[in-house]
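Student: Pulled the feature table from TrEMBL, pasting it below:
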| type | residues | note |
| --- | --- | --- |
| DOMAIN | 107-208 | domain 'Malic enzyme N-terminal' |
| ACT_SITE | Tyr130 | active site, proton donor |
| BINDING | Arg183 | (S)-malate binding site |
| ACT_SITE | Lys201 | active site, proton acceptor |
Amino acid sequence: YDGMTAYERAGEEKPADLAYRTGLSRKPYHLRRAMRLPPDRHGVEVMLDPLYNKGTAYPEGERDRLGLRGLLPPTSLNHRTQIEKIMKRVRSKASDMDKNLFLRDLHDRNETLFHRVLLENIKELAPVIYTPTVGRVCQTFGSEFTRPRGMYFSSKDKNHMQAMIHNWPGKDVSVVVVTDGSRILGLGDLGANGMGIPIGKLALYVAA
């Protein structure tokens with residue numbers, strides 16, 4: 001054994017060293033995701049993927065490289081302007097439930113912007129994303145369902161659960177929130193509608 005790692009023998013930089021040198025390891029997870037290039041995605045596919053969609057924040061060169069020229073309004077907005085516009089719309093909503101629904105829609109379209117908004121306005125938005133609003137979110141989760149989030153394991157999946165885990169599209173998983181939906185904030189057994197709890201809690205974990 002020569003004491004060298006496989007990366008050193010191949011003359012390559014270890015992923016951890018590369019991440020540190022480029023500053024990736026010192027950035028929040030959702031911002032590291034935003035810096036990565038979308039694999040095998042081009043044009044409208046990029047905009048429809050909430051992990052890579054940046055709305056109107058794409059600069060001109062990036063629009064050309066990703067095939068987005070003409071698919072977005074010509075003006076490129078920086079993240080500061082995007083956040084200000086989002087918060088103006090949030091504050092125009094009549095109730096915390098309406099604010100939650102608006103932010104959920106943003107989460108489904110543009111995860112990077114969603115987390116930036118939450119990070120910079122955590123004191124104002126934490127009660128909207130989680131307690132006390134999340135109780136009402138869970139009660140209406142089925143009727144307001146728009147896009148799958150999370151995974152559902154039931155008794156029908158016995159003997160399949162280990163294989164099911166590989167159906168999750170993300171490979172870089174740092175934290176998991178699990179609930180059986182039986183005791184949601186004193187509201188009783190809400191079953192699959194309890195998914196609102198992991199969604200809200202994970203949003204706060206990312207903001208933390």
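Each position is counted from 1, following the chain as shown.
Glycine is no exception: its Cβ is also placed from the backbone N, Cα and C atoms.
Could you give the neighbours, burial and distances for every feature on this list?
Tutor: If you draw a 10 Å sphere around the CB of Tyr130 (active site, proton donor), it holds 20 other CB atoms from the protein chains shown.
Sequence-distant neighbours of Arg183 ((S)-malate binding site) (same chain, six or more apart, CB under 8 Å from its CB) are Asp189, listed in sequence order.
Long-range Cβ contacts of Lys201 (active site, proton acceptor) within its own chain (separation 6+, distance under 8 Å): Tyr130, Val177. Reduced to three states, the DSSP call for Lys201 (active site, proton acceptor) is helix.
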Student: In the domain 'Malic enzyme N-terminal' (107-208), how many residues does DSSP call helix, how many strand, and how many coil?
Tutor: 53 helix, 0 strand, 49 coil
